[in-house]
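Visitor: Below you'll find the structure I mean.
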Amino acid sequence: MATLLRSKLTNVATSVSNKSQAKVSGMFARMGFQAATDEEAVGFAHCDDLDFEHRQGLQMDILKSEGEPCGDEGAEPPVEGDIHYQRGGAPLPPSGSKDQAVGAGGEFGGHDKPKITAWEAGWNVTNAIQGMFVLGLPYAILHGGYLGLFLIIFAAVVCCYTGKILIACLYEENEDGEVVRVRDSYVAIANACCAPRFPTLGGRVVNVAQIIELVMTCILYVVVSGNLMYNSFPGLPVSQKSWSIIATAVLLPCAFLKNLKAVSKFSLLCTLAHFVINILVIAYCLSRARDWAWEKVKFYIDVKKFPISIGIIVFSYTSQIFLPSLEGNMQQPSEFHCMMNWTHIAACVLKGLFALVAYLTWADETKEVITDNLPGSIRAVVNIFLVAKALLSYPLPFFAAVEVLEKSLFQEGSRAFFPACYGGDGRLKSWGLTLRCALVVFTLLMAIYVPHFALLMGLTGSLTGAGLCFLLPSLFHLRLLWRKLLWHQVFFDVAIFVIGGICSVSGFVHSLEGLIEAYRTNAED
C-alpha cells in the first residue's frame, strides 16, 4: 500500500514538474531563448552524433581528394559553411577570408602574428578607457554630485562584467567537453545570435553601432581641438570654428592611410603625455585644496542634465569593440579576466579622483572641458599638448571606421553593395580616396555645427556606448549560453539590460534636448 501511494505521489510530482517546465520553456522559446529539457538534450546528443559522423565522412573525402591528382572539372564547389561547423548556426569564414584577419588574428587566423602579454593587453585597454574623454567627467559630477561618483564606480563594475561575458560568448564546448573558441569578433557573436533565420542581421546592427561610435569619436577629437585652441588664445581673431577647420586640414592626410604603422609609433608618446597632463591638472587642484568647495557636492541630481552625465561616464569606459581581437591575441587568454579586473579598478580610482578633485576646485564654474578652467599661462601649455594628442589620436578611430565601411559595403564579393575601393595592384582607387576625404570633411561639418563636447559625448555614450557595453553583451550572453547560466547570472544580465536600456533612452533624449537648446541659444546670439 505504501509503495503504491509513493508511486502515485511520484507520478503527480513528475507531471506537475513537466508541465511547469514546459510552460517556462514555451515562454523563453517565444522570447528567443531555448530551455533544454530532457527530450531536447537527447535530440542535441543525437544531432551531435550525426554531426560527428558527417564530419568524419568529410575528413575521409578530403583525404581521398588529397590522394587524387585532380578532381572532376564539372563538379560544383562546396557551399561555404558546409565544411566549417559552428554551434551558433553561422558558418565560420573560409580559410582565405579577410574576416580572419580583422583586428588581430583570433582563433581562425593570424596564428603567425606575435602574441601579446597580459600587461600589453592591459595597456591597450587602459589607453581606451583612460583617454582624453576623462576631461568631461568633472562636468558629470557638476550635474550628478555624489551619485555621479557612484556611477563612475558602477559603470566600471558593469563594463568589466560585460567585457567578460562578451568574451565568454566566443567559446563553446565541443563533443569532448572541451571549451574551444568558435568565434573571433563582436560581429560573429551577433550573427550567431540571429542565426539561422537572420544570419547576417546581428552583424549589420553591430557594424552600424561601431561606425556611429567611431565617427562620433573622430568628431569629438575635432571639437575638442577647436575648443582648446580657442580658449588657449582668446586674444587672437580666430573663432572656434576656424580652429576646427585648421585642425581638419592637418588631419586630411589620414585619408591616405593604408595601415597604422606610422601612427602607432606615436601612441605611447600620446598616452604618456596624457598622464602628464592629468598629473599637472591634479597638482594644480591640490595646490588649491584650502579652497575646495565640499558643500557644493550635491546629494540630489539635476533631473534634466543628469542623464547626460550617465552617457559621458559610460562613453569613457567603452572598450568592448576590440576586446574579442585583443583576447584572441593574448599569449595566455586565461589571464584576460585578471587583466580586466585590474585595468577597470585602476580606471575607476583614477577617474573618480580626477573628477572629484577637479570639481571641488571649480565647483559650479566647472566647464565641459576641465582644462578650460585653468589659468591662462598653464592652460595654453596644457591645451597645446592636448590638441597634439587629439590630432594624433584621430587616425585610430578614423582608420577603424574606414575598415568597417570597406568590409561591410565594398569587400564582400558578390554581396558587396559597391565595387572595391582597391585595384588589383592593391592601390587605393580615386573614388575610394574621395570617400575617405568626404568622411574627414563630414567630421569637420559636424564639429562646426555641433561644437558641444560634453553633449556630444553624452549623446554617443547613451546611443552606442550603452548598446555596445550594456545591452548587446547581456543579450548575447543570455541567447548563446542560456542553458549553462546560473540564476544569479541570468538576474545580472536581465538587470543590466533593463537598467542600460532605461539609461540609454533617457540619456539620448536629454542629450538631444540639450543640443537643441544650445543650438537655439547660439542662433539667438
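For all residues, glycine too, the Cβ spot is worked out from N, Cα and C.
Pulled these features from Swiss-Prot for this protein:
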- 1-132: topological domain 'Cytoplasmic' (TOPO_DOM)
- 133-153: transmembrane segment (TRANSMEM)
- 154-204: topological domain 'Lumenal, vesicle' (TOPO_DOM)
- Tyr186: 3'-nitrotyrosine (MOD_RES)
- 205-225: transmembrane segment (TRANSMEM)
- 226-265: topological domain 'Cytoplasmic' (TOPO_DOM)
- 266-286: transmembrane segment (TRANSMEM)
- 287-305: topological domain 'Lumenal, vesicle' (TOPO_DOM)
- 306-326: transmembrane segment (TRANSMEM)
- 327-341: topological domain 'Cytoplasmic' (TOPO_DOM)
- 342-362: transmembrane segment (TRANSMEM)
- 363-383: topological domain 'Lumenal, vesicle' (TOPO_DOM)
- 384-404: transmembrane segment (TRANSMEM)
- 405-438: topological domain 'Cytoplasmic' (TOPO_DOM)
- 439-459: transmembrane segment (TRANSMEM)
- 462-482: transmembrane segment (TRANSMEM)
- 483-489: topological domain 'Cytoplasmic' (TOPO_DOM)
- 490-510: transmembrane segment (TRANSMEM)
- 511-525: topological domain 'Lumenal, vesicle' (TOPO_DOM)
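Just tell me what is around each of these and how deep it sits.
Guide: When averaged over the topological domain 'Cytoplasmic' (1-132), pLDDT in the model lands at 50.
Around the Cβ of Tyr186 (3'-nitrotyrosine), a 10 Å sphere holds 29 further Cβ atoms from the protein chains shown.
With a threshold of 8 Å between CB atoms, the same-chain residues lying at least 6 positions outside the transmembrane segment (205-225) that come near it are 132-133, 135, 186-187, 190, 243-244, 247-248, 251, 318, 321, 369, 386-387, 390-391, 393-394, 397-398, 400-401, 404-405, 408, 439, 442-444, 446-447, 450-453, 456-457, 459-460, 463-465, 467-468, 472.
In terms of DSSP helix, strand and coil, the topological domain 'Cytoplasmic' (226-265) has 28 helix, 0 strand, 12 coil.
Summarised by DSSP class, the composition of the topological domain 'Lumenal, vesicle' (287-305) is 7 helix, 0 strand, 12 coil.
Listed by sequence, the residues of this chain that lie at least six past the ends of the transmembrane segment (306-326) yet keep a Cβ under 8 A from its Cβ atoms are 102-104, 106, 116, 121, 124-125, 128-129, 131, 133-134, 136-137, 139-141, 143-144, 147-148, 151-152, 155-156, 159, 162-163, 166-167, 170, 183-186, 188-189, 210, 213, 344, 347, 351, 454-455, 457-463, 465-466, 468-470, 473, 503, 506-511, 514.
Using a Cβ-Cβ cut-off under 8 Å and counting only residues 6 or more beyond its ends in the same chain, the transmembrane segment (342-362) has close neighbours at 122, 125-126, 129-130, 134, 137-138, 140-142, 148-149, 152-153, 156-157, 159-160, 278, 281-282, 284-286, 288, 291-294, 296-297, 316-317, 370, 373.
Sequence-distant contacts of the topological domain 'Lumenal, vesicle' (363-383) (same chain, six or more residues past either end, CB-CB distance under 8 Å): 135-139, 141-142, 224, 227-229, 231-233, 277, 280-281, 284, 293, 296, 452-455.
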Visitor: Which range out of 133-153, 266-286, 384-404, 439-459, 462-482 gives the transmembrane segment (490-510) the most CB pairs under 8 Å?
Guide: 462-482
Visitor: How would DSSP class Tyr186 (3'-nitrotyrosine) in three states?
Guide: helix
